Amino acid sequence: MINRVYIFDTTLRDGEQSPGVSLSMEEKIEIGRALVDLGVDVIEAGFPVASPGDFQAVQTLARELRGVEIAALARANPKDIETAWEALKEAENPRIHTFIATSDIHLQYKLRKSREEVLQLAQEAVRWARKFTPNVEFSAEDATRSDREYLAEVVVAVAQAGARVINIPDTVGYTVPQEYYDLIVFLVERLRQAGFGEALDKGELRLSVHCHNDLGLAVANSVAALLAGARQVECTINGIGERAGNAAMEEIVMILRTRGDYFQKALGTALETGIDTRKIVPTSQLVSRLTGMFVQPNKAIVGANAFAHESGIHQHGVIAHRLTYEIMDRESVGWSGSAIVLGKHSGRHAVDYKLRSLGWKLSREALSRVFERFRTEIKDVLRRIPDEYLEGILYDEYLSENYRYRVISAQVSSLYGTSLSPIAQVEVEDRKTGKRVAVAVGVGSVDAAFKAVARALGYRFGEEGEGERLRLVDFHIDALGKGTEAEGVCGVILEDASGRRTAGLGRDGDIVAAGIKALLNALNRLEASREAGETLRERLAREAEAEGPRAEPQPMCR
Ligand SMILES: CC(=O)SCCNC(=O)CCNC(=O)[C@H](O)C(C)(C)COP(=O)(O)OP(=O)(O)OC[C@H]1O[C@@H](n2cnc3c(N)ncnc32)[C@H](O)[C@@H]1OP(=O)(O)O
Ligand SMILES: CC(C)C(=O)C(=O)O
Ligand SMILES: [Mg+2]
């Protein structure tokens with residue numbers, strides 16, 4: 001049998017059947033182009049008879065996209081099939097995908113037809129479609145709950161009618177991998193007995209799988225079917241689709257790639273797809289943005305945490321050698337940036353690694369000082385810890401004696417039920433220039449307070465006003481503890497005009513006061529890093545060198 005697995009992407013058809021998803025024509029084209037770039041073999045563009053909008057979308061994609069087959073869905077009746085063809089006919093390589101259910105439950109309650117009638121409709125549908133194109137796919141909807149003998153009869157009948165691809169959907173996500181594997185083996189055998197062995201071996205006739213995720217088995221079932229001899233897999237980006245979704249393409253592709261050794265052993269050959277895996281993450285993010293379907297952080301391959309290491313023991317392992325805790329190269333699926341994420345469970349190795357990647361070399365003693373503050377002041381306070389906070393600790397530890405600014409007092413109004421704006425008045429001390437008072441109006445009380453502090457110290461946020469312009473890159477507030485008396489913890493990251501970034505933290509029972517403290521902390525660190533940051537960096541590096549060499553992280557670790 002051929003070792004090429006054809007990727008049939010149904011993000012735009014079954015994926016769009018996800019409750020709450022409705023893509024505009026422009027969005028479908030944008031996703032369609034991304035799918036072509038990704039290297040899918042077939043794009044199921046829609047169900048043309050469903051609505052004029054669906055018809056137009058299929059027609060537009062058929063006209064616009066090249067280098068890919070375009071499929072359209074049609075029930076087993078002449079009108080659906082003719083409409084599908086009308087929409088498809090300008091495609092470079094059009095495919096009519098016709099279907100009818102084969103399970104007794106569907107026959108009895110939904111179609112109200114006998115097995116004989118459905119068998120005949122299935123065959124006729126393929127013949128109708130063949131009048132337009134030889135590229136016809138037939139799906140036996142709810143195949144996994146169908147009587148096996150009857151299903152085999154339908155499969156052989158549609159092959160005889162000229163279907164090029166026969167799809168065995170697990171429409172309601174009911175099957176389990178071994179059962180599905182056995183079913184595909186059984187159908188392959190029946191097709192061979194009916195004289196289609198050579199066509200299957202050459203890939204001229206293909207069995208396809210289409211799995212839903214109701215029991216969380218869509219990908220496992222798809223892979224089992226590929227092991228059993230299916231060579232087309234129907235799937236969606238991020239696994240979106242009807243109910244619990246379809247099989248996630250990115251997972252199937254990466255299973256085939258990562259476990260090529262296993263397929264080699266089991267089948268005597270690895271299974272190949274045409275997917276350019278480096279485009280997986282950008283495509284996933286595009287689909288998530290346009291469909292509004294959020295990708296859970298722990299989702300395999302494309303979730304934000306899929307390659308992130310936050311706990312100390314794992315971080316240490318990965319820093320020593322990526323393969324200790326990574327089975328795939330994150331860049332091979334399109335991720336960039338660091339895999340080491342600082343957080344509550346991070347350890348000394350990760351802190352050292354992060355500081356090294358920020359250009360700091362520390363002696364053991366200096367690292368211990370930073371790590372101790374990280375452990376006691378930050379780890380339990382912030383959920384995610386941007387790298388800037390580590391540098392902030394260094395400045396606090398070594399330069400805080402020279403910190404320039406101090407807030408003496410602040411008064412901030414907080415309003416409700418009025419069109420008036422909040423006002424902040426602050427009194428600050430600049431060690432170089434003395435005390436200053438400033439007043440500012442803001443959208444909210446934090447905005448007013450930040451603007452007043454900035455004004456008093458010769459900075460500004462935004463276009464207006466005088467002073468050096470700063471950008472607030474990040475601002476967040478967390479509650480430490482529960483209830484209305486919980487302490488507020490505010491974190492800010494500032495960026496100056498040269499791109500230098502510093503972070504600040506502030507804690508207070510009053511969240512506006514916590515914000516003011518965080519801002520002051522960040523401003524003090526900014527000034528200190530400008531004045532003495534490089535000197536400190538050199539001094540610490542000299543101390544580290546004097547201490548002798550330490551193991552450098554492996555270049556493999558990113
Ligand atoms: C498993 C799947 O994902 S199948 C695809 C599901 N996708 C969709 O349904 C999205 C698009 N659907 C639609 O817009 C509409 O359902 C339409 C336009 C297709 C049909 O709309 P309506 O004519 O109003 O029918 P409705 O949706 O209420 O019922 C479906 C009809 O199709 C029949 N039918 C269902 N599947 C098939 C089939 N594969 N072949 C032939 N007839 C079928 C049903 O028996 C029912 O017929 P009836 O009206 O004679 O009772
Ligand atoms: C139309 C078919 C292939 C389908 O989506 C299903 O059975 O789930
Ligand atoms: Mg489906």
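FYI, residue positions are counted from 1 along the chain as it appears here.
Glycine too: its Cβ is placed from the backbone N, Cα and C atoms.
Unlike curated records, TrEMBL annotations are generated automatically.
Within 10 Å of the C-beta of Asp14 (Mn(2+) binding site) we count 23 further C-beta atoms, all protein chains included. The feature Mn(2+) binding site is assigned by TrEMBL to Asp14, His210, His212, Asn246.
Residues annotated as domain 'Pyruvate carboxyltransferase' in TrEMBL: 5-281. Predicted-model confidence for the domain 'Pyruvate carboxyltransferase' (5-281) is 98, expressed as mean pLDDT.
Annotation source TrEMBL lists region 'Regulatory domain' at 406-558.
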Other residues, Cβ within 8 Å of Asp14, His210, His212, Asn246 Cβ centroid (Mn(2+) site): Thr10, Pro169, Thr171, Cys211, Asn213, Ala218, Glu234, Cys235, Thr236, Gly241, Glu242, Gly245, Ala247
Cβ-Cβ neighbours of Asn246 (Mn(2+) binding site) (radius 10 Å): 33
Number of other Cβ atoms within 10 Å of the Cβ of His210 (Mn(2+) binding site) across all protein chains: 29
In the chain carrying His212 (Mn(2+) binding site), residues 6 or more apart in sequence that have Cβ under 8 angstroms from it: Pro169, Asp170, Thr171, Val172, Gly173, Ala218, Gly241, Glu242, Arg243, Ala244, Gly245, Asn246, Ala247
